[in-house]
Amino acid sequence: MCDDDETTALVCDNGSGLVKAGFAGDDAPRAVFPSIVGRPRHQGVMVGMGQKDSYVGDEAQSKRGILTLKYPIEHGIITNWDDMEKIWHHTFYNELRVAPEEHPTLLTEAPLNPKANREKMTQIMFETFNVPAMYVAIQAVLSLYASGRTTGIVLDSGDGVTHNVPIYEGYALPHAIQRLDLAGRDLTDYLMKILTERGYSFVTTAEREIVRDIKEKLAYVALDFENEMATAASSSSLEKSYELPDGQVITIGNERFRCPETLFQPSFIGMESAGIHETTYNSIMKCDIDIRKDLYANNVLSGGTTMYPGIADRMQKEITALAPSTMKIKIIAPPERKYSVWIGGSILASLSTFQQMWITKQEYDEAGPSIVHRKCF
């Protein structure tokens, strides 16, 4: 299928925070840009500047000082379809420079998403972009493909949603899927809040992007939260400095590990939910007793919010505490896990056995958007 660029499938992983897009068969996405649409807050006065009424992705990011930034995908669910269409248009025509009507397109979504969401995705792909064929795959399943396994439990945590999906011999076990609407964006918001306690005020949508950068560069997961808090209180060894875009330097201490600790203790942001170690355990316990051993031994991490240093060791420690004492527990944290959903999509869309799985334009015309529930698990 990949002998020429004419018929190569496109793989587009629409995350709440980043869009990862490229061609099936490639080993990494060609385009990675923020899922942001920005609109000017001010009136344009310079004639001939060619100001636009909206900016997408990196361009919106670079002009953020004069824009209001909006994310069309919240908690993995597309909430603003007009903006989402702009993002897809930008992906096809500006980033990948392809005509979507010539390429089958694989999209991704979070498990347990509303049915209407995938129907609308299908409808826009066929009716607005005229793709010849498309498919919607579950993100966590693709991550498992990328790790070269058919059995395991995936903890996929991105910017908008975190979920545990147990998969056995290639089958996702829907009754055991755990979904947690707490992910990278909530951690960024929490970091904004606790930095305010230090006297640094971050409020606007543009400043949130600065805090996200602080989080990505400096945050880490503590192996033992109480110990780490004590260390931070007694010495300044954990403090790091960060230079803001205007040259001001701020110092950040225990916020570095208090921020991602929320994943293990959602009560930090007032959520009643269990932490990611407990949802993983609960998900395994909802599976058949015979397959739990294989799941414990194949805990695969995926998504940008699993990129914190120390997260794998902490997961190992927490799950070991919950599991039976003789159980062998292994956490797999591939270095490329930030993009493993996309990589899995690239693998899937280039398999010869997958080619009969596409929803074709003809099938869509006959059955309408609801075909997506029959063809895509």
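Backbone N, Cα and C atoms are what each Cβ position is placed from, and that goes for glycine too.
Quick look at what Swiss-Prot lists:
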| type | residues | note |
| --- | --- | --- |
| MOD_RES | Cys2 | N-acetylcysteine |
| MOD_RES | Asp3 | N-acetylaspartate |
| MOD_RES | Met46 | methionine (R)-sulfoxide |
| MOD_RES | Met49 | methionine (R)-sulfoxide |
| MOD_RES | His75 | tele-methylhistidine |
| MOD_RES | Lys86 | N6-methyllysine |
How long is the line from the C-alpha of the residue listed as 'tele-methylhistidine' to the C-alpha of Lys86 (N6-methyllysine), rounded to the nearest angstrom? 19
Here the 10 Å Cβ neighbour count for the residue listed as 'N6-methyllysine' comes out at 17
Under DSSP, is His75 (tele-methylhistidine) helix, strand or coil? coil
